[in-house]
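According to Swiss-Prot, the protein carries these features:
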BINDING   96-98, 122-125, 132-134, THR180, SER312, 317-319  substrate binding site
ACT_SITE  HIS181  active site, proton donor/acceptor
ACT_SITE  SER311  active site
SITE      GLU324  site 'Important for catalytic activity'
Amino acid sequence: MERIERDTLGEISVDATKYWGAQTERSKRNFAIGDNPMPIEIIYAFAQLKKATAKVNAAEGKLAEEKAIAIGQVCDQIIQGELDEHFPLVVWQTGSGTQSNMNVNEVIAHVANLTLGEGQIHPNDDVNMSQSSNDTFPTAMHIAAYGALVTKLLPEITKMEAVLTEKKNKYMHLVKIGRTHLQDATPLTLGQEISGWEACLTNNKNYLETSMKAILPLAIGGTAVGTGLNASRDFGDKVAEELMKQTGYPFTSDSNKYFALTSHSPINFVHGAIRSLASDLMKIANDIRLLASGPRSGIGELEIPANEPGSSIMPGKVNPTQCEAITMVAAQVMGNDVTINVAASQGNFELNVYKPVIIFNFLESIKLLADSMRSFRVHCLEGLTANEKVIETKVNDSLMLVTALNPHIGYEKAAKIAKLAFDENTTLKEAAIKTGFVTEKEFDLWINPLKMTNL
């Protein structure tokens, strides 16, 4: 069953069970591209925005109070996820996001009119009052981006950080061999090594919390090209204040609306911090899977949980699957960063027209990282243990302990001891005594692996 909807191009039939109107239907038919829906976070952000603009327009005497209340009620339904099925459009549409803006306008008007009566609320004249797609879509981008960071990504960073803190403390006095250039180096403790991973999380959280302030200023109030045509002079300030009340986030009105419409450097900047997190997560996961390599022919200093059979042909194999998953996510996020960077450069004249692909990739990065960090934490990090016997053996076998002799006998003599031990496949102690450079007592006094860690 269908109904007829109308816009400036004429009539078009729409599924009678759906709440969208003519412009949404045209977009649905004209842009059957891929299967990437406009992120629902953007729809919810639009609903927050439309609720705020309705309140401000009513306060300014432009919109009837009854209409503002009806619009706000529908917006609440959208935010609560009750109307998700009525937002069918894909990311691959107009670069300004106009069609998704109109999708939201049409659904709000349609549902509100079910209560007020047909034709009472118009999607353009009422729901979109004092607005343009050109300032609403970038505003929705910032609302959605900030909310996703606060509710999804930052909590997962904190949780992973806490697990690493626990592991760090547990193994702070377990001496192991350090490695630089993939070669043996001087000793440190496993706790010290893990503290480096922990600091990666701590610092990246700080980078994000600092950078995300850049997306608090909003474009709303700029309307079509940044001049604020058809909106009151302080409309942006009032809407930002209302959004702050609704969300609890300290949004402000961007001081330069021309910038806010044509540049997405704030989003690009914040995603740079997200990319940095992805880089460090790849480093941490790679360290763990290499240190857990084996069990008999690899490094084998760490043991990871056996979550599932590792091979379809080799029985008993345990693979570092969580490490592999999160490193693939990290690679995807790095690719997303390239896309965002290129798209952010396309602010021709007064408007960037790559907005949907920017926010799509931004939100995807957050979701993938948050999900993979949760999975990695629960299924790998929490069950990660040290193979203390293997670690002790490798410390005792290491030639790099000779570095501790440098202050006592000099670099060249210490190097000769290490070379002799390597060439004759003996222990460092045996080689040191054989050279006559040190006595057994001196060796035992000066070669103290725990002391070498400077704990």
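Cβ atoms are placed via backbone N, Cα and C, with glycine included.
The structure, with features from Swiss-Prot marked on it.
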residue	record	DSSP (3 states)
SER96	substrate binding site	coil
PRO123	substrate binding site	helix
SER133	substrate binding site	helix
THR180	substrate binding site	strand
LYS317	substrate binding site	coil
GLU324	site 'Important for catalytic activity'	helix
GLU324 (site 'Important for catalytic activity') versus binding-site residues SER96, ASP125, SER133, THR180, LYS317 - nearest by Cα: LYS317
Residue from THR98, PRO123, ASP125, SER311, LYS317 whose C-alpha is spatially nearest that of HIS181 (active site, proton donor/acceptor), among the recorded positions: LYS317
C-beta crowding around THR180 (substrate binding site), within 10 angstroms: 9
Inter-residue Cα distance where the pair is the residue listed as 'active site' and PRO123 (substrate binding site), in Å: 57
Listed in sequence order, residues with CB under 8 A of SER133 (substrate binding site) and six or more positions away: SER96, GLY97, THR98, ASN101, MET102
Pairwise Cα distance for ASP125 (substrate binding site)/the residue listed as 'active site' [Å, integer]: 62
Residue among the recorded positions THR98, SER311 whose Cβ has the most other Cβ atoms within 10 Å: THR98
Inter-residue Cα distance where the pair is SER311 (active site) and LYS317 (substrate binding site), in Å: 6
